[in-house]
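Below: the structure, in structure tokens.
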Amino acid sequence: MQKHNIQIKNGSLNITVLEQTIPLNELLDFASRENPKRGFLFVSKVLGKHIPVKPSLMRDAYNALAEKVVGAESSFVVGMAETATGLGAGFADSLANKQKQDVYYQHTTRYKADKPIWLTLDEAHSHAVDHILYQAEQPLLSSITKSRRLILVDDEISTGRTLKLLGDKLLPKMEQVKEVVIVSLVNWLSQEHRDQFDAWGIPVTHVSLLDGNFTFIPVPGFSPSLPKNVDKDLDTRACRKDLGRFGLKMPFDGPIPKLDIDQPRAVIGDGEHLYLPFLAAEKAEQRGGDVVFQSTTRSPIMLGNAILSKQAFRVDERNVEHYIYNLQDVGRKAVHFLEDECQRKINQLAARFPLLESEIE
């Protein structure tokens, strides 16, 4: 057991580590949210979101989580938007490479699409509350619903409320599921919170790289507020139909952009669009490139602690902002992948870092 006291702008985090595969200081940093619902943020050093990460370190985390899953069953893996869309896909990919049984992947989304909705739910501490899980098309839907194992993935779990809601709505649609696995980089669930999953009436196991608990003591007068132009809406921009929002069989076998590696690269994913940009970054690193990966986000975070730099930008004609933190574009050639290249001219960040044909081998 290890105890840590972390000071952030909004208060103090007191952390007790009970078990760890990766030490706390290698797995997490910390920051303050601009959010009255939750004043702190666990900033992952292996997620590829707020901190630039070597793709190989991200893959190591995916593999480590997949190795902890006991047994081999046909599995439906669901990643939680926004932060765990890439984590869920990477984990599912690693799991599919580990076992012979089929692995299917899908992530919740805050994109509005002209597709049948399978279920919706909300996340209590998020500023953007709508999660949508679209219904996969046949025959993929039939394969998903016949899966024997349901795996729910998030980057960190504090109360399990959102995952419990998701399981409550998914399990009646998946009558052949015999077990549920809850996967996260960090698991803060108390025994009481773990016991809530007993209501499902089937075995539930927890897989993580660090288990522990924490308390947060806000500073006197703690009252962070959301920026006035934070993006709370469902996204109506065009989105790809082949990357996980509507279901995939893993491992991913689609085309992967092949980047030049003649100079150090900073590869940037776009919101929920993480996995294909990650694969491009991973392939470039495997070929000897000096590559880091990170992605943009809707979430407003204060400067300080893990957040050394912050850029706000518009992604379309709306007066709302998205963000990128700790961008390593000095001394690196940055490339920002979008789902829809038609949006590049109006996306203020992407317009600065185009993906040119000359950069693709």
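In case you wondered, yes, glycine gets a Cβ from its N, Cα and C as well.
Here is what TrEMBL records for this protein:
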type: DOMAIN; residues: 27-213; note: domain 'Orotate phosphoribosyltransferase-like'
type: DOMAIN; residues: 267-341; note: domain 'TRSP'
Taking DSSP helix as H, G and I and strand as E and B, the domain 'TRSP' (267-341) has 13 helix, 27 strand, 35 coil
Rounded mean pLDDT within the domain 'Orotate phosphoribosyltransferase-like' (27-213) lands at 95
